[in-house]
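S.K.: Feature table excerpt (TrEMBL):
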- 26-50: transmembrane segment (TRANSMEM)
- 70-86: transmembrane segment (TRANSMEM)
- 138-157: transmembrane segment (TRANSMEM)
- 169-193: transmembrane segment (TRANSMEM)
- 199-220: transmembrane segment (TRANSMEM)
- 241-264: transmembrane segment (TRANSMEM)
- 276-294: transmembrane segment (TRANSMEM)
- 306-324: transmembrane segment (TRANSMEM)
Amino acid sequence: SQYSAVDTNPLSVYIMQPIWNKIIKIVPLWIAPNLLTFSGFVMILFNYFLISFYDWDYTASGTSPGLVPTWVWLFSAFTTFCAYALDSIDGKHARRTQSSTPLGELFDHGLDSWATSIFVLSFFSVCSRDNGKTGVSVYTMYIYLSIVLFNFMCSHWEKYNTGVLFLPWGYDISQVVLIAAYLLTGIVGVEIWQKPLLFGYYITDVLVVLLIGFSLFLSFPQTLYNIHRAHLKKTLKNDSLYEGLLPLVSPLLLFVLLTVWVVLSPSNILAKQPRLFLWMVGVAFSNVICRVIVCQMSGTRPEPLHCFLPPLALLVGAAVSGLLGRAEEAALGALSALLTAAHLHYGLCVGRQLSEHLNIYIFSLKKRVRE
């Protein structure tokens, strides 16, 4: 199906697009667009592991402000900007080199679905977790991440039903806020997040409220409105309500299962291992969304039950009932490793199949020679 996306965000249209149009001119024509997409993702990933190294349990900014070196925050601003730029020019570069393919679209959105959670998880190091005085609680982090992923999922659920990807306004705004936050932290120090801003509220409180406001009162209503409009115009891809809502079943079940684990965990797993737990949430959601994107691109029907759900349900059941006992943390570690490996395997398989089917290389503009 032909790719179509609509971007109406003033920040993107009037400020960022002119910048990308200048940057794109310096990219050599022999570079494959997927290489740009992938480089951006690798930078985000590298930056995430770098921050994790200095701040595994999200306490560095709160209790010992000097733990994360200044250069790490400045490097975070730099990598976030580069990833944002590369993600914004890969499509332009594909049109420039006349190499737009479904593989490129899937590669771009698939990596975005994973990068979305990684951006959020890196940013939590700036806020730091609640230490009695400042910071955000691990439960707020979990809700925050879920809302961001819900937003991302909505835009692809919308595309599944309307055939058009309406780019959420939140994306450009969040990227600019992230870069500014890292720069500010690097220049002023993490202490800025620990001082009340207005009326005893902290900047982090304001950001959480903004995020929830944007999601629930801007993005989600916009999604429903666009689907409703397509329904009135009779341009919906799916006739039945069941078909239209099908892609939401797995992500909602996933969210329910994870929330049950968070709330009923005997060892309070989220507080013990916030980074590991939230990483696992991001990977699981990314895989669920990737499969929706594949269905939406290939015009196939998504499976009601995602393959990660049964093993997750078993593990959550064992953890919550106390069967796992002290092994709960180890089980979370094993699950995170397993899901990450399964997600990577899925991505490699789909990429390989598509590149063979379309007779192209993923990271090169050379054509494959048919055997």
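Even glycines carry a Cβ here, placed using N, Cα and C.
Whatever TrEMBL says is automated annotation, not expert-curated.
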S.K.: Taking residues 6+ outside the transmembrane segment (241-264), which of them lie with a CB under 8 Å of any CB in it?
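M.R.: Distant Cβ neighbours of the transmembrane segment (241-264) are 139, 142, 146, 149-150, 153, 156-157, 160-161, 227, 270, 277, 281, 284-285, 288-289, 291-292, 295-296, 301-306, 308-309, 312-313, 316, 319-320.
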S.K.: Compare 26-50, 70-86, 169-193, 199-220, 306-324 by their Cβ pairs under 8 Å to the transmembrane segment (138-157) and return the stretch that comes out on top.
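M.R.: Of the candidates 26-50, 70-86, 169-193, 199-220, 306-324, 199-220 scores highest.
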